[in-house]
Ligand SMILES: *[C@@H]1O[C@H](CO)[C@@H](O)[C@H](O)[C@H]1NC(C)=O
Ligand SMILES: *[C@@H]1O[C@H](CO)[C@@H](O)[C@H](O)[C@H]1NC(C)=O
């Protein structure tokens, strides 16, 4: 009886005791499966994704950024917003001293004219593309590096003429920097012949040199590729002595010097390496200094990403499935002398995407590919020590 009574109990005990080890066996397996699933899925996505970032020449990236002794780390303090709300992403700035106006290219295709005497903003011409780099020509025309259209000439009467949009069988996809020499030669860059402006982040993550530095001769109308295989070729500035041009190579955080004349004609040299951020436009101020806009500072995560292609691939996948990575911060402008020696650095951790810095008199005008205004700083103000420091050097 005791047995028969205990029988069902022990049976149930037996059955539950028999299940228990099986459950115990399964539990870690299920746990592993659940934790591994995202990893396996991520690995699959990683394997199947065709995006194939390359190694950068990392020995050229340097370890630490250049040291700049003079810094203003709060450049937003005291800054005015010029054309607020009337300018959408005024990327670059060209100055016409006779009319005392600056021209700037906006996201909506408009090249706007901003009067410096009263800050009035006027529409000039719409390129129906995306005007980026601007330079004032000898006939008061504006030469435009339009990301989508190529190199344009906009006469002072507002007529638009395409100068060039392809070289060596590669159409430009992201024309972005330009300057004009005294002899009329135009020097400009195309950041990439593979990705356009909307896709620029892919070019940066891919880490392959699709950029070119070129010249356009307005007399022969010939386009020449002067330097190819550049990692996101960007802003251009012709040197005051006219024998070379400086151009920025964003991904490599450097500017390079290309001789356009003289015994060194055709030589490519280092101008400045290991910049504290990623350079965009570069402007000569007529007074012994170049002003290099840095839309984003370098950071440890970015530095690591540029060193390891697999990290850039993971970033690309994250971007595809999740969204844009918040990477830009602490933008500013680096001032260097004619030899590329850093003199001063204006920046602010609250700033992002400053894409040009132009010194006019004692004022600094900063364009931005993203913000709805031009930043205007009075360099003579006491907390912006630079004007005295620079002019006395
Ligand atoms: C600024 O200059 C423009 C054109 O030269 C002129 O029409 C305008 O009256 C000036 N504004 C002021 C406030 O001086
Ligand atoms: C731009 O066009 C204007 C008007 O046709 C012309 O005077 C000027 O020389 C042109 N500039 C270049 C660089 O082609």
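The count begins at 1 with the first shown residue.
Quick reminder: no glycine exception, Cβ is built from N, Cα and C everywhere.
Automatic, uncurated: that is what TrEMBL annotation is.
What you are looking at is a predicted structure, and each value in this text was computed from that prediction instead of being measured.
Residues or ranges marked as compositional bias 'Low complexity' by TrEMBL: 1-16.
Averaged across the domain 'Strictosidine synthase conserved region' (176-262), pLDDT in this predicted model comes to 96. Sequence annotations record features per position, and here TrEMBL assigns domain 'Strictosidine synthase conserved region' to 176-262.
Residues annotated as region 'Disordered' in TrEMBL: 1-20.
Per TrEMBL, the feature transmembrane segment maps to 29-48.
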Same-chain residue ranges lying at least 6 outside the transmembrane segment (29-48) that approach it to Cβ under 8 Å: 313-314, 317, 321
